[in-house]
């Protein structure tokens, strides 16, 4: 947390700044207090650029101000392919050039073109021409208009949300005049649907125009049947009076076509404005979610873990975008309904009310169905969130899952969640499909009932004009009823999604007042940097807060019920009352005495100390005593319950290393201006020069997501360099030395902490007590919650905790080492500094030579690690459709597909022929048949169409759900078994996108698109066949109209498809950035870089919207031009009818016109469905790729090569001529490695950074396969075994222990293979629980509300937060040791496993390892050499080769050995060796 507390910022200014808050009652603490001249300036802009015209957006949108060159390249470049299209011969062969700069690009023309061009969207033609010749590039698109940029849109939305917040608070103050401001902020909750109202106000003009267009489109479609009636009556009269002039009929024909044209124009503009609103709303809410997470409190982040936020942005916002495009239809629905009712009554008389009654009956049935759909959607969302959260956790920790062979366990967990999710989705889809089938069949059923009633009332009154005009009106209502369920269904999704998002936006935030209160008081001693006076701090009790919120909810619900049932419950305690009593007891217990050693660390009480400017303070203590918490308390990140903290100067906390997916340089300067001299000095003092030299592109090498190309020590030093590069007054360092070896640690201490930062106030939490003498004073934290501060000598005299810790440290050796260095320095005389630099340079050169192969093996030659986002080009391959169909039908394909085709044909035939049969009935075609014959068959065709339609939708739904389920699960299975090299080089956001947005598309959108496409295609074919049957000459026009249709569709798809894919790629960048920001939230807030990352997000969202806006416009362009084709089609038909070119009856004309005048809608619908299907098939394509084509590791199980259960019984490991590379084609990392490790031997592995230490572990676990040679364990070649059989026999304690959200029990034994007694025993043996305390711990139970606050920290049922955030790093390492004990393996690998624990705990762990794994083979990679000096043998690696391999004493005895030199630098002397033989 970075804060600045000084006189330069007045309290008034701070309060004014805190007003600039979005979507929350509270301000962001981390960005309010600042006077630092070296602040993050990469997203800054001058006040003079804040013009009301929006021109400042252009300046803010310059990528070079806050994006590195790699970021710009990623979002502005993609591969170029020439297009080969059907009509390429009509265009010139010249390939258009790609604009290279923004100046060469045209601004989005929507507000900069004439009315005619806007009316027909002609301004999009340049993009279509380019897209027809080659693949569209990001720079081909129109650049963002400031009025449509996310910055402008979000500013408007923010103002509306603040207005609603203030309005809500004002109401609360009026109801509770005694309430304090803090109570108002906490309790004034927004009304439901506030976010929706804010969005509607943001887009009020735009959305109002959409509603106007929707009403106009509905009105024109409602009046068109009246022209149809006139046309039929004209044909009827013309058949009787042959001499009638045809001009009147031609006028009717042209009038009908003009009405169709107006309808198509308004319909397309309605969709354009509403879809545009959907795209913009999604962008706004994406930014709102990210900005909220920057301000969210710890409890809010507990309630909304990263996986849940990701689910909001990827899934819910996509549904909201889709829903907003249909909602204006609801506003236009009453108008068309009124028009149709009036015209039906005019045509048919009061009898029309019968059919209208059927419509209203169906509407009320649909309300019940909507309630069911709502319930299924809410239930499905719960499982979707759980699945996405688990997938995110799995992907973040996939290496750990591979180490522990937990792939099957997590695959099963995900499969179980997915099965439950699919169950709800299936029920929702079936309910929705029944509703759609009913809505589409309702007009036919209503017309059937109406005509039957009309016949009974008036047996002879069947005029063709009235009948078919009414049928057209019913068909218009059919179209409306088709869209109504979609509008309401998507509206339900939108309301649910916005409700979930509103709960996030209302979540509690960091208290900004805590930062303001840290300003020094008047009279503050200027010599002090920090002072604490009677301060108490505590971490939030998440479980208690959850219980309180639950009780509030129950009380609120019960209060509503009691209003209705007050008499029945009078005098009886309610459930909420009991809950409140239990909560009171919890709060009392919580404040009672407790043994901090046995429970979770909660906080500090009554802290009193001060720190002077320039002091170097060390904080130490046993693990779990709150060292990191004390730093957070100083930084203002921990909740203060009492006292006063005063900070005088800029303060920066350097916490757990977070590495951004960017170059090394960008990670170090982190948004500050680049100063080469300062940068080089920072790199030197942080001991990074040698590491940068070995990287292919030096400090411009892309590190890769999650720092995949770096060791733990390198990540720690880059994290340190980032903080040092910032110019601050007070530095808080959280164990920055734990991940580096003693030599590097000493260099950092000398050159950085006590060198470059010598004049700064430095506070270091550490276990490295060998350097404690360098501290001005030391703060020792005790297991009883006490804090003791003093000089080292003072504390040695009185503090038993420090005395115990020092007994395990190498302090005395360090003194000897310093004495030796003093002698050397004296001999060197005047060469002091120059000689040290030269020596360091030589050491770094050696390190460069030794580690070049190792590290370069992880990086491709140009310095990039992340693979480029895959973007398909041209049409979807048939293979994808084949794989999708295979997943959909399984073994029933020979039945399901033919049956579906039969049902589609049957539905179309019955639907169309019911109208034909109505014409037969109207003209009494079969003279000798009774009316019951016509009525019976008409009824049959109507109800058969309904039954066939239901069957068709049900089968398609079943197939779509099955395909989505199995493709997702197969992709999950494959990603769990893909090599680490793929995971390391693929951004997490991209992978997660496959299991969020792509999966959601298959669950909810693809089936709908396929249904639309198949049904509308069948309808169009049916209408064309009908026209040819009645008007044979029309067959001549069909090829010409087909060519025009294909011409338009081909031009559209050439660009529309590519721009949609481009939008998907740009969307992935937005999601990648969001995931990265969520993962590095603490670091970003500490460096006050929120604005920079929000600016980067704005840039990426704008790039996404440049494509997204065009996707919308292209759909409308093609819609209008297809309308023209359909109008030409209709004009030919109507002219053939009115001119009597063929002798057809008026009733037959009525049938033709009823369907021909629907053609514009049918053509638009099918093209939209085809396009949407192809877009959704892109999601299927990506999932199919993951499900079938991801690279796989070697066989997970080999039944024919399963070793005996007792293998390995000895633990002997032999490396024979082993060569190892991280990926095929990359340099060899381990070279010709030959080792023979005997059964039960304890091998210590050491070497400089990049020497290949951790690579041995990768080779043993076969994370990648050997390039040459073999590894034998108990004479079994491990390459012949299945990975499951190999890895489950190995145990590892990694450097970065991982905990999964859940309980300790699930983290130790996710398969439930062990008994509780075995797990308790492992916790005791691992040192997590004292043996004497075990009986008491076993008896502990959660309290009445299910909270675990009073239980032992390592109780099996103790809750584990996401990424184990409620456990310290040392505690997580104890649990990693316990995991290894649970596995009961014969071979144990320690990868710098005790780097983050104090020396006492380190000693205890080493002792337990010796005791518990005494008969096991141990390979220990360590930078604390003292932990391995008494191992059986030491392996020293250099350049991936064996440099030395012998007993520790033998190597130490050799004056020129590498091991001897390393021991000397670590202060290890002869007395440290127990075995000197």
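The backbone N, Cα and C atoms fix where each Cβ goes, glycine too.
What Swiss-Prot says about this protein:
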BINDING   621, 622, 623, 624, 625, 626, 627, 628  ATP 1 binding site
COMPBIAS  36-48  compositional bias 'Basic and acidic residues'
COMPBIAS  581-595  compositional bias 'Basic and acidic residues'
CARBOHYD  661  N-linked glycosylation site
CARBOHYD  759  N-linked glycosylation site
CARBOHYD  799  N-linked glycosylation site
MOD_RES   10  phosphoserine
MOD_RES   24  phosphoserine
TOPO_DOM  1-206  topological domain 'Cytoplasmic'
TOPO_DOM  228-249  topological domain 'Extracellular'
TOPO_DOM  271-328  topological domain 'Cytoplasmic'
TOPO_DOM  350-357  topological domain 'Extracellular'
TOPO_DOM  371-433  topological domain 'Cytoplasmic'
TOPO_DOM  455-478  topological domain 'Extracellular'
TOPO_DOM  500-615  topological domain 'Cytoplasmic'
TOPO_DOM  637-892  topological domain 'Extracellular'
TOPO_DOM  914-940  topological domain 'Cytoplasmic'
TOPO_DOM  962-1027  topological domain 'Extracellular'
TOPO_DOM  1049-1117  topological domain 'Cytoplasmic'
TOPO_DOM  1163-1477  topological domain 'Cytoplasmic'
TRANSMEM  207-227  transmembrane segment
TRANSMEM  250-270  transmembrane segment
TRANSMEM  329-349  transmembrane segment
TRANSMEM  358-370  transmembrane segment
TRANSMEM  434-454  transmembrane segment
TRANSMEM  479-499  transmembrane segment
TRANSMEM  616-636  transmembrane segment
TRANSMEM  893-913  transmembrane segment
TRANSMEM  941-961  transmembrane segment
TRANSMEM  1028-1048  transmembrane segment
TRANSMEM  1118-1138  transmembrane segment
TRANSMEM  1142-1162  transmembrane segment
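Cα to Cα, residue 628 (ATP 1 binding site) and residue 799 (N-linked glycosylation site) are separated by 20 Å. Calculated from their C-alpha atoms, the gap between residue 625 (ATP 1 binding site) and residue 759 (N-linked glycosylation site) amounts to 29 Å. Taken residue by residue with DSSP, residue 622 (ATP 1 binding site) is part of neither helix nor strand, so it is coil. Stretch with the most C-beta contacts under 8 angstroms to the transmembrane segment (1028-1048), considering only 479-499, 616-636, 893-913, 1142-1162: 1142-1162. For residue 622 (ATP 1 binding site), the nearest neighbour among the glycosylation sites 661, 759, 799, judged by Cα separation, is 799.
Highlighted: of the candidate stretches 329-349, 358-370, 479-499, 616-636, 1142-1162, 358-370 has the greatest count of Cβ pairs under 8 Å to the transmembrane segment (434-454). Non-local neighbours of the transmembrane segment (616-636) in the same chain are 1, 3, 29, 514-515, 518, 530, 532, 535, 537, 539, 601, 603-604, 607, 645, 647, 651, 653, 655, 732, 734-735, 753-754, 761-767, 769, 772, 774-783, 785, 787, 789, 801-802, 805, 1086, 1353, 1368, 1370-1371, 1374, 1397-1398, 1400-1401; each lies 6+ residues outside the stretch with a CB under 8 Å from one of its CB atoms. Considering other CB atoms within 10 Å as the measure, the emptiest surroundings among the recorded positions 625, 661, 799 are those of 799. On a Cα basis, residue 759 (N-linked glycosylation site) lies 30 Å away from residue 623 (ATP 1 binding site).
Helix, strand and coil content of the topological domain 'Cytoplasmic' (271-328), in residues and according to DSSP, is 52 helix, 1 strand, 5 coil. Cα distances from residue 626 (ATP 1 binding site) to the glycosylation sites 661, 759, 799 are smallest for 799. Looking only at the glycosylation sites 661, 759, 799, the one with its C-alpha closest to residue 621 (ATP 1 binding site) is 799.
You'll find the Cα of residue 661 (N-linked glycosylation site) roughly 29 Å from the Cα of residue 627 (ATP 1 binding site). Within its own chain, the topological domain 'Extracellular' (350-357) has Cβ neighbours under 8 Å at 341, 344, 446-447, 449-450, 453-454, 457-458, 470, 474, counting only residues six or more beyond its boundaries. For the recorded positions shown (628, 759), fewest C-beta neighbours within 10 angstroms: 759.
The two recorded residues, residue 627 (ATP 1 binding site) and residue 759 (N-linked glycosylation site), show a Cα separation of 23 Å. For the transmembrane segment (250-270), same-chain residues at least 6 beyond its ends with a Cβ under 8 Å from one of its own Cβ atoms are 119, 209-210, 213-214, 216-217, 220-221, 223-224, 227-228, 230-231, 234, 328-329, 332, 1116, 1119-1120, 1123-1124, 1126-1127, 1130-1131, 1134-1135, 1137-1139, 1153, 1157, 1160-1161, 1164. Taking H, G and I as helix, E and B as strand and the rest as coil, DSSP gives the topological domain 'Cytoplasmic' (1049-1117) the counts 65 helix, 0 strand, 4 coil. On the 0 to 100 pLDDT scale, the model's mean across the topological domain 'Cytoplasmic' (1049-1117) is 89.
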